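J.: Per TrEMBL, domain 'Major facilitator superfamily (MFS) profile' is recorded for 17-452. Under the heading region 'Disordered', TrEMBL lists 468-491. For 12-35, 55-72, 84-102, 144-166, 172-195, 271-294, 300-321, 330-353, 359-379, 400-421, 427-448, the entry in TrEMBL reads transmembrane segment.
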Amino acid sequence: MDSVRFAIGSRGSITLMLLASIFSLCLAGFDASLIGNLNVVPRYTEYFKLTTDLVALNTAIVSAGQVVSGLSAGHLSDHFGRRAALGIGASIIIIGAVLQASATTEAQFCVGRFVEGFAFTIVQTSSTTWIMESMPPKHRGILMGILISSIPLSGVLSSGINIGTFNLENNWAWRSGFIVEIAFPLFSLCLLPFTHESPRWLVYKGRSTEALAVICHLHAYGNAGGPEVRREFAEISEVIEKERQIEKPWKSLIAPRSNLKRFSYSALTMIFYQITGSNTLIFFFPLILANAGINSVKTILIVITCLTGCIFFCVITGGWLSDRFGRKKILVTGTIVMDLCLVVLAVLSYLSASRKSTAYGPGAIAAVLVFQFASYNSWMILNYTYPLEVLSFTQRAKGVAASQSLSYAFSFLTLYTIPIALKHIGWKFYVINASWNLVILAVVIFYFEETKGKTLEAAGNTIEGQAVDESMSTEERKGSLKSVTGKGEGC
């Protein structure tokens, strides 16, 4: 199979790796949009006899699965490899989707959602780590942007399916979306055998010759090792060897102190992504619109489809903006804009409820649109990329998985409480959300590190006040390369 992989060509290999990741990762956006839209589809709510509490449970139970799998996702990715872990996650997603599509009881539906959530953490950890570690440095940003943009793009597809099926006079009005969910990970599983493993993981496992071949194939189009490839391989080998010598599996997440700082950046980024509203309000957008006086199911679904389409472009621009202006500036600006939108939502919801008028609906739509634009240009894109930049290699898979587990614990709480809060305290919920976002803003300004323009190794070392030596001579690079592979030249 190796001969087939290398025969495909560099661009073809990069494309296959990206597609294999996209077909599994995009389910996060597809499912979020699907379950949010179904909350206003009568066939779904009537079939399961949903109360406000059950709506909250069906949405939040995915996060419970993500919390539990955080304990194993990092280990799977480190032990079996990024590619194999992605295959395991994709297989589990299929099981969860089948359980939901065939559900005849609320209990079976909840089990399916829990199983799917369990798989999401595995897929998110392995796919983002795989692409970040494998892609050529000069294209890594745009390729990660394409990968992450698949999440809102799949949400557009999900909304389109809901628009086409919500009026059906049978249970296909809600089962159809879960049938489609089965197809995506199947495509991913078909592509994985033709893709390469992460070269950094191969070096970590002592398979340096394979790692060098993969780097040459993916980063230099099979070129026999120019200076950039030699420098990159030597840098990777040196850093991973140092980390291997001091590695203490889970303890390395928080020790020494510099690793604790790295992990805190990762965990806080993912937790803040959840509690700013970036990854929670979209689930309940239909309920938010209903709160603002818009009650037509078709109108709500069309608005959501347009919104998720706009979000897709936000992710693309977000990747460019973070590279252009830096991570911290984007997070600060995004949080300020989001807070202003929450205040506007609070005012409009209050006026709509007190005056019993639907005239404020368009304003609510505009506020949510700007909120999501700011959110996806900042927190959404950096939730996936910033932790991978600040964590060291031996921390990366476990650190991302553990951070996701912590963040989804917060997600479970917020997803479960939002519909209840919207029902009982209405506009006041937005004020509460805006208040804690001010605390988040202060943490970003005074605590977070900037990683703009650095390699993975150099970005991680910034936290220790060190830098990877970019000035090593060609002879020193050859010597470092020879010490690992037994050769002074490349591929």
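Cβ coordinates come from backbone N, Cα and C, glycine included.
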J.: Would you confirm whether the transmembrane segment (84-102) and the transmembrane segment (400-421) meet the contact rule of 3 or more C-beta pairs below 8 angstroms, pairs 6 or more apart in sequence?
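T.: No, the transmembrane segment (84-102) does not contact the transmembrane segment (400-421).
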J.: So if I exclude everything within five residues of the ends of the transmembrane segment (330-353), which remaining residues of that chain have a CB under 8 angstroms from its CBs? That is, six or more out.
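T.: Apart from its flanks, the transmembrane segment (330-353) reaches 276-278, 288, 291-293, 318, 321-322, 359-361, 363-364, 367-368, 370-371, 373-375, 377-379, 382, 426-428, 430-431, 433-434, 437-438, 440-441, 444-445, 448.
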J.: Over the span of the domain 'Major facilitator superfamily (MFS) profile' (17-452), how high is the average pLDDT in this prediction?
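T.: Looking only at the domain 'Major facilitator superfamily (MFS) profile' (17-452), pLDDT averages out to 86.
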J.: For the transmembrane segment (400-421), which partner among 12-35, 144-166, 427-448 gives the most CB pairs under 8 Å?
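T.: Stretch with the highest Cβ contact count: 427-448.
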J.: Take the transmembrane segment (12-35) and find every residue of the same chain, 6 or more past its ends, with a Cβ under 8 Å from one of its Cβ atoms.
T.: 5, 58-59, 62, 83, 86, 89-90, 93, 113, 116, 120, 123-124, 127-128, 130-131, 134-136, 139, 143, 146-148, 150-159, 161-162, 177-178, 180-181, 184-185, 187-188, 191-192, 194-196, 217-218, 279, 282-283, 304, 308
J.: If you count every Cβ pair below 8 Å, which range out of 55-72, 172-195, 300-321 shares the most with the transmembrane segment (144-166)?
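T.: The listed stretch sharing the most Cβ pairs with the transmembrane segment (144-166) is 300-321.
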